[in-house]
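TrEMBL has this to say about the protein:
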DOMAIN    59-173  domain 'CUB'
DISULFID  Cys59-Cys86  disulfide bond
DOMAIN    190-305  domain 'CUB'
DISULFID  Cys310-Cys322  disulfide bond
DISULFID  Cys317-Cys335  disulfide bond
DISULFID  Cys329-Cys344  disulfide bond
Amino acid sequence: MTSPGVFQHADSSSLRSCNGAQDARQNIVASLIILHLSGATKKGTEKQATSETQRSVQCGTWTKHADGGIFTSPNYPSKYPPDRECIYIIEAAPRQCIELYFDEKYSIEPSWECKFDHIEVRDGPFGFSPIIGRFCGQQNPPVIKSSGRFLWIKFFADGELESMGFSARYNFTPDPDFKDLGVLKPLPVCEFETGGPEGIVESVQITKEGKASASEAVDCKWYIRAPPRSKIYLRFLDYEMQNSNECKRNFVAVYDGSSAVEDLKAKFCSTVANDVMLRTGLGVIRMWADEGSRNSRFQMLFTSFQEPPCEGNTFFCHSNMCINNTLVCNGLQNCVYPWDENHCKDQTAS
């Protein structure tokens with residue numbers, strides 16, 4: 001069993017830190033540090049969520065420094081308040097990793113397996129990224145190193161027994177996976193806007209519209225806006241990653257509602273990319289490719305749709321989709337199943 005101060009350390013064979021081990025999980029682009037707060041209390045030995053009506057208040061700090069930064073628990077070095085949950089997401093630049101250090105002036109309510117007040121650190125940008133450790137008690141955590149560009153840190157305090165808390169600093173180190181490629185040059189601005197009943201977004205637009213040369217690393221975004229009350233269906237027509245399964249080097253990601261990390265819907269960097277159904281009318285497609293991955297490519301058809309009952313100017317797709325009538329027999333499959341193209345030859349013949 002683990003001690004009360006350190007819980008759930010990841011097996012060293014399952015993570016790759018910036019000292020040279022293999023990346024265990026795909027990392028994506030997120031905001032530099034994102035924070036939010038919610039509440040929780042403890043009843044007996046169990047934590048209970050606070051009422052949904054309790055007002056959330058931001059805690060911690062929001063910092064961005066090219067050479068690193070510092071963040072602390074609320075009120076540090078005084079006692080942190082009860083009922084706090086602060087989440088920090090730290091992002092390094094491409095080809096960098098993160099080192100995280102906790103000050104020796106550190107104290108978090110101890111508990112068995114850190115069930116109550118604690119710090120939780122994960123190797124990636126999400127609350128479901130591989131766990132590195134959960135920490136509490138009087139001994140500050142060891143130096144933490146990420147496997148890639150992100151660390152997810154949660155500070156949780158329940159309703160009892162507050163303590164001093166923590167101060168943490170972070171800095172960035174070169175990712176050894178790219179030691180032979182040198183420092184990445186500044187990336188060109190690369191964004192596209194589109195919308196309507198349907199359309200095509202594709203990687204060839206990058207060079208065709210002069211956003212970047214064929215030899216430059218790119219981090220491009222396509223913003224797709226559906227008509228009012230509509231959602232978006234995305235279908236890949238073409239997809240290939242030059243460096244397959246190397247997500248640090250190339251990927252295509254789909255976001256649903258914004259380009260923020262919490263709205264990531266899917267990310268593709270292997271040999272297969274699946275169709276994606278969005279729940280909102282704003283889709284963001286993102287393509288990352290470093291200098292040695294510019295032969296990576298994709299082409300995607302987007303279709304705006306409404307949910308049934310279908311209106312008079314729409315076609316029912318038999319898949320909970322109503323698409324614009326103009327998309328029927330247009331030579332492209334806009335429905336999940338090809339109902340919109342099934343009887344087109346019969347109509348042409350008549």
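Placed from the backbone N, Cα and C atoms, the Cβ positions cover glycine too.
Assigned with DSSP, the residues of the domain 'CUB' (190-305) fall into helix, strand and coil as follows: 10 helix, 59 strand, 47 coil. For the pair formed by Cys335 (disulfide bond) and Cys322 (disulfide bond), distance between Cα atoms is given as 9 Å, rounded to the nearest Å.
Take the Cα of Cys329 (disulfide bond) and measure to each of the disulfide-bonded residues Cys86, Cys317, Cys322: the nearest one is Cys317. Just so you know, the Cβ of Cys310 (disulfide bond) picks up 16 other Cβ atoms within 10 Å once every protein chain is counted. Per Cα geometry, Cys317 is the residue among the disulfide-bonded residues Cys86, Cys317, Cys344 nearest to Cys310 (disulfide bond). In sequence order, Phe305, Gln306, Glu307, Pro308, Pro309, Cys310, Glu311, Thr314, Phe315, Phe316 make up the list of same-chain residues 6 or more apart from Cys322 (disulfide bond) whose Cβ falls under 8 Å from its Cβ. Across the structure, Cys86 (disulfide bond) and Cys344 (disulfide bond) place their CA atoms 56 angstrom apart. Broken down with DSSP, the domain 'CUB' (59-173) shows 3 helix, 50 strand, 62 coil.
Neighbour counts of Cβ atoms within 10 Å were compared across the disulfide-bonded residues Cys86, Cys329, Cys335; the minimum falls on Cys329. When Cβ atoms from all protein chains are considered, those within 10 Å of Cys317 (disulfide bond) total 23, not counting its own. The separation of Cys344 (disulfide bond) from Cys317 (disulfide bond), Cα to Cα, is 15 Å.
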